[in-house]
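*Asks:* Structure in structure tokens, see below.
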Amino acid sequence: MESTIQPLDRVFLHLGPITIYWYGVIIGTGVLIGLWLATREAVRRGLPKETFVDLVLFAVPIAIVCARAYYVLFEWHYYSKHLSEIPKVWQGGLAIHGGLIGAVATGAVFARARGLSFWKLADIAAPSIILGQAIGRWGNFMNQEAHGGPVSRQFLENLHLPDWIINQMYIDGRYWHPTFLYESLWNLVGFFLLLWLRRVNLRRGELFLSYLIWYSVGRFWIEGMRTDSLMLAGSLRAAQVVSVTLIVLSIALWIVRRAKGWAKARYQDE
């Protein structure tokens, strides 16, 4: 039966000489849904409705460039010999941590230029970011990437997955852990957790720090299953190192901001 399994078509649409891939469509959908949610919350929090539209116009291109640069840097042994492939982001190869660095840096500059609180913007954006990540992982699914080690078909059937997911995990003659799905579900739970924490009315900035902690815990765990991790040295996985660093820094910043009185404003404060 395996010999007849065909992967899902990676192409969403052909427009003459232009090919649009599912990878880009799915990531774009995540961005648009996240933008809609952030804009609604921004208006509720007393910000102009165009605030996040303006921010996204800067943050998304910069995040994509940073995500690609991060990935290419760790895979330079390959891309140094295939320079023409560096711009081909539709083939995959966007590192979330690189994109996050670019987006946060852009957000900080944007907030300063607009005279806004960075932490207020970050808190509003946090649920949108993690939901966008949950959606975006399905782009990896369509590209048959970001998977874990080999498993049996029976293992996947025991997870009660539909055949279209099981069949898509059949790559190079073997079935593989659907780690894209694990991370997508982890992030989806994180999205609802952040919505609940938003009602708790934490100190300003702590919702974003909660996002960093939650995402990093899940990423550390799931990254250990993957077979395509970006490596620092030997068996040291870059994403796991970054995840631990983010957890430690987020907790430390949470404690220091409260101890120093830097986090007096609440999420719901104007």
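Glycine too: its Cβ is placed from the backbone N, Cα and C atoms.
Summarising the annotation, Swiss-Prot assigns transmembrane segment to 18-38, 55-75, 90-110, 115-135, 177-197, 205-225, 236-256 and lists sequence analysis as the type of evidence.
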*Asks:* Compare 18-38, 205-225, 236-256 by their Cβ pairs under 8 Å to the transmembrane segment (115-135) and return the stretch that comes out on top.
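*Replies:* Looking only at 18-38, 205-225, 236-256, the most contacts with the transmembrane segment (115-135) come from 18-38.
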*Asks:* When you scan the chain for residues with a C-beta under 8 Å from the transmembrane segment (205-225), skipping those not six or more beyond its ends, what do you find?
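*Replies:* Apart from its flanks, the transmembrane segment (205-225) reaches 96, 119, 122-123, 125-127, 129-130, 133, 148-149, 177, 179, 182-183, 186-187, 190, 193-194, 197-198, 237, 239-240, 242-244, 246-247, 250-251, 253-254, 257, 263, 267.
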